[in-house]
Amino acid sequence: MRLMGCVSGAGADAEGREARKVNKQIEEQLAKDKQVMRATHRLLLLGAGESGKSTIVKQMRILHINGFNEAEKMEKIKDIRRNIRDSMQVREQLTRPLQRGCPSQFTGAQHLSACNLCCIVIFPQRFAP
């Protein structure tokens, strides 16, 4: 006597096939995701503030993805100019006791010394691109 075969109908068999099909799709997706995870390189950047952690990420983005869009480029120009100005001011403060050979250099140095480090960078026309 076969009761088990009599109890299950055609509907249960179709549901089982559908469940196996869905399970197979899920298993395939998990296998693909596992492959992608293995190919992904993860890097933990540790360091104090302003030590260059985000700069590394940005450089990797420039080198390996699309780079920057126009708005980001314009923002970076401001940052680069600010960094140049700050570096020149620090250099000027360190070398102040030295004599300058050219009077025009002295005028530029006076301008840099007069700039406030916290102000928004606005360059005179002679320093503009």
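Cβ coordinates are placed from backbone N, Cα and C, and glycine is handled just like the others.
Just so you know, TrEMBL annotations never went through curation; they're auto-generated.
If you look up TrEMBL, you'll see GLU50, SER51, GLY52, LYS53, SER54, THR55 marked as GTP binding site. Annotation source TrEMBL lists Mg(2+) binding site at SER54.
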Three-state secondary structure, GLY52 (GTP binding site) (per DSSP): coil
Surrounding CB atoms that lie within 10 Å of the CB of SER54 (GTP binding site), all protein chains: 10
Set of same-chain residues at least 6 away whose C-beta sits under 8 angstroms from LYS53 (GTP binding site): LEU45, LEU46, GLY47
